[in-house]
Structure formats: structure tokens, C-alpha cells
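Asks: After the C-alpha cells below, expect a handful of questions from me.
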Amino acid sequence: MGGAFSTSKPKPAAGEEGGESAVVAVHSKAKWDELWDAHKNTTKLVVIDFSASWCGPCKMMEPVFKEMAGRFTDVAFLKVDVDELAEVARTWRVEAMPTFVLARGGEEVGRIVGADKDELEKTINTLRSSSSSTATTT
């Protein structure tokens, strides 16, 4: 009796699933265009992870990026494979992986090249707090 309880998996904590923000992997130019069009005219911060499947530092940053997406639910997190979407990577002048581009209102507002978790988090926090003061309407 009780065996069903011992084999059941614990439910995720609040906010771990179904939140407004999660990493959205973009696998086509059409999907990129759709997502970019949805965000480029807003004040929402967008963090784009340009990576490659063969890139060791990119793999190291993947769980960090997912964890940040779970915490920063007011930020959009997109993941682009540079081999899959080379045209998008060229548009954003990506030359090394991982490259994290932070954008708001269709413009780049920050960039971190390399697997620098602390710098990425610091930059996201800085830009998140600056959006609350710049997001006021007249």
C-alpha cells in the first residue's frame, strides 16, 4: 500500500513551470521573425542566447540560462543555435559562442561574450531595474 506515494515524483515548486517566462528555443527564421516582431516594439527586456550544439561553454551555460529564465519572469529568454540560424547570428554580429545579446525596443542594450554567469546576471538585473524607470508613459 503506500507504494504509489514512494514512486511519485515531487511536484515542481511554485514558479518552476507555467510561468510567463521560459527559454524559447528558436529553430526557424519564421519563428524568429514572429518572436522578434512581438518584442521589438515593447519595453520588455529580451535576452538572446546565441550558442552552438558543439560548444562546451554553451552547454555549461544552458542550465544557468534556464534558471535565470525561471527567476526573471518579466524578461523574455530566447535561444538561437548559430548553425541552425546563421542569418540571424550574422544580423546580430555574433562572432563567438556563447554570445548573450540583451535588447529592448528593437535595439541592442547589452552584450556578454563568453560563459560569464555573473556578468550576465548583473547586466540583466541592471537593465531590468532601468526598464521600470524608462517604461513610464506620458
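Heads up, the Cβ atoms here are built off N, Cα and C, so glycines get one too.
Annotation comment: Swiss-Prot describes 1-20 as region 'Disordered'. Per Swiss-Prot, domain 'Thioredoxin' is recorded for 12-129, and the stated evidence type is sequence analysis. Annotated site 'Deprotonates C-terminal active site Cys' per Swiss-Prot: ASP49, in sequence order. The disulfide bond annotation in Swiss-Prot covers CYS55-CYS58, and the record cites sequence analysis as its basis. The active site, nucleophile annotation in Swiss-Prot covers CYS55, CYS58. What Swiss-Prot lists as site 'Contributes to redox potential value' is GLY56, PRO57, and the listing cites similarity to another entry.
Mind mapping these onto the model and telling me what they sit next to?
Replies: Mean predicted confidence for the domain 'Thioredoxin' (12-129): the pLDDT average there is 92.
In the structure as shown, the Cβ atom of ASP49 (site 'Deprotonates C-terminal active site Cys') sits within 10 Å of 27 other Cβ atoms.
Counting only same-chain residues at least 6 apart in sequence, those with a Cβ under 8 Å from the Cβ of CYS55 (disulfide bond) are MET97, PRO98.
With a 10 A radius on its CB, GLY56 (site 'Contributes to redox potential value') counts 10 other CB atoms from all the protein chains. Taken residue by residue with DSSP, GLY56 (site 'Contributes to redox potential value') is part of a helix.
The Cβ neighbour count for PRO57 (site 'Contributes to redox potential value'), using a 10 Å radius over every protein chain in view, is 15.
Annotation for CYS58 (disulfide bond): same-chain Cβ neighbours under 8 Å, separated by at least 6 residues, are ASP49, SER51, ALA52, MET97, PRO98, ALA115.
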Asks: Where DSSP helix means H, G or I and strand means E or B, what are the helix, strand and coil counts for the domain 'Thioredoxin' (12-129)?
Replies: 46 helix, 29 strand, 43 coil
